[in-house]
Every structure is written in C-alpha cells, then in structure tokens.
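Asker: So that we are looking at the same thing, I have put the structure below in structure tokens.
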Amino acid sequence: GKLLILDCVVVIELPGVIHVTRNRFYKVQTTRSWDYLGLSSTSLSNLLNKSKMGNGVIIGLLDTAGIWPELEVFNDENLGPIPSRWRGVCESGEHFDGAKACNRKLIGARYFISGLEAEYGQPYNTSENDDYMSPRDSSGHGTHTSSIAGGSFVANASYDGLGLGTVRGGAPGAHLAMYKVCWRLYGGVCADADVLKAFDEAINDGVDVLSVSLAADIPLYSEVDRRGSIPIGSFHAVAKGITVVCAAGNAGPRAETVQNTAPWILTVAASTVDRSFPTPITLGNNQTIIVSNKTLTGQRKWLDRIRTNSYKYQFQGQAMFTGEDTVSAALVYPEVSDLMPPRNCESLSSNDDWMAGKIVLCFASDYNQSLLNDAILSVKAAGGLGVIVSRSPSNYYPYAMNFPCLQVTYETGTQILYYIRSTSNPQVRLSPSRTHIGKPVSTNVAYFSSRGPSSNVPAILKPDIAAPGVQILAAIPPFDETTTGAFAFLSGTSMATPHVSGIVALLKSLYPDWSPAAIKSAIITTEGEPPKLADPFDFGGGIVNPNSAADPGLVYDMNTENYVHYLCAMGYNNSDISQLTEHPVVCPSKQPSILDVNLPSITIPNLKKPTILTRTVTNVGPVNSKYKASVEFASGINVAVRPETLIFSSRTKTISFSVMISSAHNVNAGYYFGSLTWTDGVHVVRSPISVRTEVGESFF
C-alpha cells in the first residue's frame, strides 16, 4: 500500500504555533574507524584526550528506531554528572521504563508518532509492525548510530570473531539523548511533522550537537518550503548554536543525488576504512598453492594442472563468512544458449533447483543492491551452499549474514569461470574470513554514497566531508538474529554521520564558544588524504581529520545574518524568509551573489566571464600570524587571490580577501576541480574549488 499525503487541518492563533503545513515522510539512510581517524584512546596528545573525550557535551540523535538502553555500550561508568542545563526527559512507553532506562550516559529519550498517525488515519499497530510504542529500538539502526557517536568502551567486541577489538563512540565522555522519529510501517517511514517536533524538543532540551541519519527523497524542497522539516528544523538549531550533522544519502554513485544540502547543515558522505575481510576460495582437490597473474603465465598451464587434480588453486574474495568450518561443494555457473541473454546474479531465483547443494558463481550486471540481496537469498532458499559474486571492486558491499557470500573482481570471476568450463566436475572450498588492517587496503568513497553537485543549489558544495561508513562495527539490540551478541557490521551514510557528530562533540568540548559554522569550517578545511579517483562532489573537503580540525588556524565563520544573505541570494521572497527566521526580513533591492556566502569552499556552476567573489577568515591560531595563499587547479582555469598574504595581530583577527576566477576554455564541459590553500608554515587551510565553464547556451 501507499501512504497518501493528506491536506492538514488549518489551525491559527494557537500559542507557540508558527505555521501549519502538510506532512511528508523521510527514509533512514542505512572497530577500527576511530584508530584509523587518529583518535586512539592510548594517545595523550590527540583530540580525544585533549577534549576529555567530549566530557559534558550532549549529543542528540534524531533516528529511526530508538535505542536499547540496557546494552553495556551505554553504561555510565566514570562519566561526569548530567549538565545542569539539561531540560529533557526520559519518556516511558511500551517495554521502556523511563525511570530505569536512562542514566548519566543516556540522559534523555523521546518518541514522536502523532504526525504519522494523523497521516495514516488510524493508530499505529506495533504488534503487526514488530515495533515498540516507546523510545525502544526495534531495528538496530538507532542503537548502532548512538554507539558510534558517543558509546562507552566495551572490550572484546566482534561480529562472530571478525573485527575483534574495543568498541566505543567518538566521544565516549559525552551524554546521549535519543529522539525516535521513524516507524516500521511499509518498510520504515519518518513523518515530516514528527521530525520537526523532534527538532523543536531537542533544541529546548539543551543538546549541543544533533546527529540526523535521515534524508528525504529527490527532488528536494527549498529551504523555505514548509514541507521540509530537516532544513527548517536545522536552521533553528544552528541559530541556537547547535551543530547539525546530516547524512548525504545512499543514492550514489549517480551525480546530483546528495541530500540535506542547506548551507547551515554539515553533510556527510561515507568512506571505507583500511580494513578488509579476505576469504580464501580454493579450486580443485589436492595440493594448495596461491596463484596470481605474476606467478603463473598463461591460463592453459594452471587450468591443466587443476584439471588433472594435481593442485588446488586459491583466490581471495571479500566476505564476512564467520565460524571455523569450511564449505566444500560442486561449483556451478548458470550457462545459457548464445541466443539468450546471460543470466546475471540478479536473475537468480529460488525456483532454480539446479543450485541445490552447490556453490554458485555469478556476475553482477549493475549496482542494484536490493536486487542483488534478493538474488543471494534466492540461492540460499533454493538449497545452495554459497555464492561467489563477481563485480567491480568499487561496488563491493558487505554481506554480514549466516550464509557464505563472497565477492571477487570481474577478473577473478572470469578465471574461476575458465576453471568451471575446463572440467566436468568443478569443485570449490570456501574458508572462513579473517580480518586484515592497514596497507595495502586503500580508502575510497563508498559506492552507495550520494554525490554532488547539489540538485537544488549547485553553487553550494555538497557533501561537506566524508567519514567511515562501510562495515562499521557497533552495538545493536541483542534480538537481531543475524548477529552474535550485541554487535553488527552496518554500512551507510547513516553510519558516517555519527562519526562526524562524535568529532563535533569533541571540538565543542574543547572550544565551547565556537559557532556551528566555525566547527564546520575546521572540519572541511583540514582534510586527511583525499581518496583516489574522486572529487569534491564525492567527498567535499575530503576524509575527516579530527586532530587537524582541533587546530585549524583559520575558520570561515558565519551567523544567522550570513544565512539570511544566502536566502536573499537564492531569490526567496521576504515573507518566506521571515517565516523561516521567525523575525521580519527585508532583502536588499540588489540581489546579493550566492558566490559571496562565506563558505569554506567555492563552487561556480556556470562560469561565463571572469568572476570575483569574497571570503572572510577569522584567526583562531597564534595571535600574530602570517598566511600566504597558494592555488592548485586544472589547466585552463585561472585563479587569482588578493591580497596574497594575510597578517593577523591582536588588533586584526578577521580579514576579507577576494578571489577572481576565469576560464580559457571555449566549450561547455564538466566541472574542473582545484583548491585554495592558506598556510603559515604550520597550519594548512584548504578550500576545495569546483568550476564549470558555460559558453553561450548550455544544453545539459
């Protein structure tokens, strides 16, 4: 069935009511990462320990399915007192006793369902939807994201032996507050009215950071459209000094799919970490040797040796195949006539009885994770013992299930297929996965992570930053049958978002007076090493670098007045802007340039002539500092900065500069990328630049 968006009843002149709007629905955007980011708990000099692990900061989470408070990861041992400014509550409900559920770690929990029930037209049935009418988690998503952002230390955590280590949140000294806004109706929905109400309550409760692992579907509403609760709610939060961190969405790798694009939001893409789970695939029956393209030349030689059963040949796949037992069986591939289209993985069906008792090799045709998941389950339902999925390595997606599902490259898959076609009785053995950390595993932007440019405001770079969001081990409720204990690997920008929220909490603890814009600037301009073969529309400023963000040198600061400048530059009318800001606004008669919004990035989607824009930086480093500008850009794009040197002192803390950008290209093309960097010899303040030349009329 479908949910119908109904016209709401108009209510006027009610105390506290700013405006009434139609409802809308949002979707969820479904441990190595902290050490990988340089926040090891054993280091005394990193941001984690300088900030006392986020002591005293309150992280609010607007999430899908609540929280499971009894888990060890939410214990309050050695935690400080609840801040006196906290005004929130621990709301009781179904299987959730507020008097017992909260402590000094989880200091608040609420749930919001009135908006959903108003649209649905009847009470929500928790029994039919396997849910709880309370802040209790019903799916694991909210518990997982909460433990990533601010969970306590739990030793010897793993997924059935994989990823063994200590699990904790980014700010283990911080307090948590859960705002459950999503429900398991028709696969999971979050009503617009409930999301907006949750923002309002979180602001009044006194949170310092809001972590929002939600995103609306494309097309996006404008920031002043009353149907957009996330841009409206986040605007009011940021106006109160609360940093709002949101998921970029999981609609990648297509361009213009990034969500949560308002400039006051810190939008997070998902990246991998330097961890993999290699899983041996052994062909043949006897002696085992490892083969690669370098050790044996020519396919005929090694195929002949397997065919005569004088050797086994072993390849490495990627999987989360746990346990100690291997799986050995006949190896099959769905051969078809040349007159028929090939049977790819997505075409496999539970009716394919030829898969029973065998291990299946298949080739994925495209990235459609849902179809591929269904195909893997079909192999299991048909009685298959395992599946080897051949696909592009950039498309690898973790399968944490109690069924052997291995992923290999197209090259390796082709070599295995050659073996199948070379013998009448192909055999294979799948061995359990192991955990590998460090080189040569490289970091990449996740294939599913939504990409820029922004579809509604292409002059605003989105996403802002990337953080670990692939195969993240964190806590879940113990009822989940796909896990051992209370930990699971999950992937998505939903997992990347609380990584950044935890880092924001550390920065807020260290610099309580920094504005949300200053924190955002520090994170964007102090990137770690950018992923290879990616650009700012994939990762914004790059992979988040928390220790550098703690000492950024310069920041591009903004306040509500700057955001009003942006709204006027967008051409919104005074009435709509006033409705959003909740105070009268009159835009200047001459429309401001959106290029002058003081962001820590520069994006020009239609450069037709030499363009001059301005930026202002604030010194947050040594009082007496001298910064020099340097520019990197692709050939044909010219960037000039004036002045080229910035000198700060006790009297001069803020300096404005201009940037002139021109193009030598005489054809319409895609974007060119570069950067503007200010450095004093110690600090490196890098702003990504994206420019697209437009000559005459553009047809795309």
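Glycine is treated like the rest: Cβ placed from N, Cα and C.
Annotations in TrEMBL come from automatic prediction, not curation.
Quick paste of what TrEMBL says about this protein:
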ACT_SITE  ASP63  active site, charge relay system
ACT_SITE  HIS141  active site, charge relay system
ACT_SITE  SER494  active site, charge relay system
DOMAIN    54-530  domain 'Peptidase S8/S53'
DOMAIN    596-691  domain 'Subtilisin-like protease fibronectin type-III'
Asker: Ten-angstrom check, please: count other Cβ atoms within 10 Å of the Cβ of SER494 (active site, charge relay system), all chains counted.
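Answerer: The answer is 30.
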Asker: Using the alpha carbons only, what distance in Å do you get between ASP63 (active site, charge relay system) and SER494 (active site, charge relay system) once rounded?
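Answerer: Rounded to a whole number, the Cα-Cα distance is 9 Å.
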Asker: Give the distance between the Cα atoms of HIS141 (active site, charge relay system) and SER494 (active site, charge relay system), rounded to the nearest whole Å.
Answerer: 8
Asker: Using DSSP, how many residues of the domain 'Subtilisin-like protease fibronectin type-III' (596-691) fall into helix, strand and coil, respectively?
Answerer: 1 helix, 61 strand, 34 coil
Asker: Highest Cβ count within 10 Å among the active-site residues ASP63, HIS141: which residue is it?
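Answerer: Counting Cβ neighbours within 10 Å, the top one is ASP63.
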Asker: Which value does the mean pLDDT take for the domain 'Subtilisin-like protease fibronectin type-III' (596-691) in this predicted structure?
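Answerer: PLDDT averaged over the stretch: 95.
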